[in-house]
Amino acid sequence: MKHFFITILLFCSVVSAARNGIDINSPVSTSTFTCIKNAGFSFIIPRIYHSSGSVDTVGVQNVKNARAAGLTDVDGYIFPCLKSTCASAANQVKASLDAVKAAGTKISTLWLDIERLNWPADHASNRAFIEAMVSEAKAYGQQVGIYSNYYNWQDIVGLDYHGQSSLMLWWPAYDGVKDFSKYAPFGGWSKPTIHQWSDTTTGPCGVSVDMNYIP
């Protein structure tokens, strides 16, 4: 009987370790973040840089508001600008992190959104762009991770590129299931850190979000 209860306690601790989170690109107030926190969501990932080539000031404020609500795991993501008129890869990271610092707040992890949108066909150039972003983040002492999946990675840098496999992976796959069971390894990652399991939906407290899960 004693062993039975120990087994139950261990099972419960594993289940309770799983965490729910959201990523957002619309304005959310501190009070709404408090509602989201109370609804059981423990990590937040606002967008802090637009693919159009500018800092997402709404996202930076979301970082600040989320922390003011008592959330401690607050990240940010960059949707890079790939046009010839855009700032360099390093300067996009610099602008994002400088904006976060200027707002008097911080992010836990900077995620680089690597998905098919305006990326050139040149894998070598794309790899260099990503490497420059990662290097700039590390120069700031900022923890950095990659947002991508098998098909995006294949098209943008090629499946033989494992250059960022030491970083955490945020994996989008809208299968409606909060687990890693359908994950297919790519880019040197044996498993992801986060699963984005639902595309944009009305989430906690009426906010439009993508739903995420950490086991």
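Any Cβ shown, glycine's included, is placed from N, Cα and C.
Among the features that Swiss-Prot reports, signal peptide is placed at 1-17. For 18-215, the entry in Swiss-Prot reads domain 'Ch-type lysozyme'. Feature annotation from Swiss-Prot assigns active site to Asp23, Asp113, Glu115; the stated evidence is sequence analysis.
The Cβ of Glu115 (active site) lies under 8 Å from the Cβ of Tyr147, Ser148, Asn149, Asn152, Ile156, Pro172, each of these being in the same chain and 6 or more residues away along the sequence. The Cβ of Asp23 (active site) has 26 neighbouring Cβ atoms from other residues within 10 Å, across all protein chains displayed. Cα separation, Asp23 (active site) to Asp113 (active site), rounded: 12 Å.
Taking Cβ-Cβ distances under 8 Å and a sequence separation of 6 or more, the neighbours of Asp113 (active site) in its chain are Tyr77, Ile78, Phe79, Pro80, Tyr147, Ser148.
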